[in-house]
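The structure that follows is given in the form of structure tokens.
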Amino acid sequence: MSMPFRVLGIETSCDETAAAVVEPAADGRGGRIMAEALLSQVEEHRPYGGVVPEIAARSHLDHVDSLVIRALGEAGLTVHDIDAVAATGGPGLIGGVIVGVMTAKAIAQVAGKPFIAVNHLEGHALTVRMTAGIDFPYLLLLASGGHCQLLAVEGVGRAKRLGTTIDDAAGEAFDKVAKMLGLGYPGGPAVERAARRGDPRRFRLPRPLLDRPGCDLSFSGLKTAVRQTVEKLPPGPLSEGDIADLCASFQAAVADCLADRCRVAAGIFSARHGRGRPLVVAGGVAANASLRAALTEVARQADMTFVAPPLALCTDNAAMIAWVGVERLRLGLVDTMDFKPRPRWPLDPDAPKAAGAGGVKA
């Protein structure tokens, strides 16, 4: 198989339908996005305040073919010019995952190309290998709407979980607080915008598990504290100032929690792998500027290098799926047509279940 490997990636795990073509850089470090096409379903789900799985699956089915055609066209390629087809195989909303996997399998069969099922979480985890060309191992905080984990990423398909949320993910807490305050969907960007105008010291909110041993996280109690704070305010609609101060106080609490857990994880990671390795932040929550600033300081104090994907690649996208396809294709790791989509697919299948983590999606 000739270099460079050009891989078509398809992402349909939640509320973005996307296709992209990626190839490795000429020097073998990092990669290049040849083309990408993405359709967000935000407006379709906004009236419901969150993602409706049936609507998401139908939208993926309606649009995935045209996005694949667009991505290939922008790359100047046909399906016969690519070296493999990769698709998110899980975890995610199973209806959408099925759409992407079946589309990728059909293209692979027609073109006679390998099919690669990608763990959506590994897509986030390896994005910085495409954008920054960093080497293994590195410490990863993966924080999104459905997942919040600290992992030692040691290779393709090799990650050791150091900590995880025992209840809500950080992004889920952002979404629920936004809904509580009437800020709409998606909640993360709305809370961040409101927080810029607010006073993070006005409301004293808890920092769950702060200074406790281990690297596990918790956000359910913080979310509840915001609701209780709202209930103590004078009756009637919240003022813009109240909303801004609540958002700023909540965001500061999340930043403190993530920073504290990352400090603990950095100590564990550095003891195993040596100092000076990267601290990587990925997932939708990594787009939050306040959280990036807090974690940049953690990296500095721990003698680590802070690395995060470009903002456009923090949220779900197909380029990260195609890139994992490149990484796996290099190693000869391809899948058969018998692969079954997985609603759950942990990055570290050997990690014990966190105490109280009954609702954790990964």
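The first residue you see is number 1, and the count goes up from there.
Positions of Cβ are set from backbone N, Cα and C atoms, glycine also.
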Examine the ranges 27-47, 153-173, 216-236, 342-362 and name the one recorded by Swiss-Prot as region 'Disordered'.
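Region 'Disordered', as annotated by Swiss-Prot, spans 342-362.
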Using only what Swiss-Prot says about substrate binding by Leu142, Ala143, Ser144, Gly145, Gly146, Asp175, Gly188, identify which of Asn119, Asn288 is listed for that site too.
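Only hit among Asn119, Asn288 in Swiss-Prot's substrate site, alongside Leu142, Ala143, Ser144, Gly145, Gly146, Asp175, Gly188: Asn288.
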Write down the one residue from Asp303, Asp316, Asp335 that Swiss-Prot lists together with His120, His124 as binding Fe cation.
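Within the candidate list, Swiss-Prot flags Asp316.
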Within 8 Å of the Cβ centroid of the Fe cation site residues His120, His124, Asp316, which other residues of the same chain have their Cβ?
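Same chain, not in His120, His124, Asp316, Cβ within 8 Å: Glu11, Ser13, Thr88, Leu121, Gly123, Ser144, Gly283, Asn317, Met320, Ile321.
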With Asp175 (substrate binding site) as the reference Cα, tell me which of the binding-site residues His120, His124, Asp316 is the closest one.
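Sorting the binding-site residues by distance from Asp175 (substrate binding site), the top entry is Asp316.
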Measuring Cα to Cα, how many angstrom lie between Ala143 (substrate binding site) and His124 (Fe cation binding site)?
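About 9 Å separate the Cα atoms of these two residues.
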Just checking, which of Gly145, Gly146, Gly188 (binding-site residues) has the fewest C-beta atoms within 10 Å of its C-beta?
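Across Gly145, Gly146, Gly188, these binding-site residues, the one with fewest Cβ atoms within 10 Å is Gly146.
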Cβ-Cβ under 8 Å from Asn288 (substrate binding site), same chain, 6 or more residues apart: which ones?
Gly188, Glu192, Gln251
By DSSP, how many residues in the compositional bias 'Basic and acidic residues' (342-351) are helix, how many strand, and how many coil?
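Secondary-structure breakdown of the compositional bias 'Basic and acidic residues' (342-351): 0 helix, 0 strand, 10 coil.
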Which number gives the other C-beta atoms within 10 angstroms of the C-beta of His124 (Fe cation binding site), all protein chains shown included?
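That number is 30.
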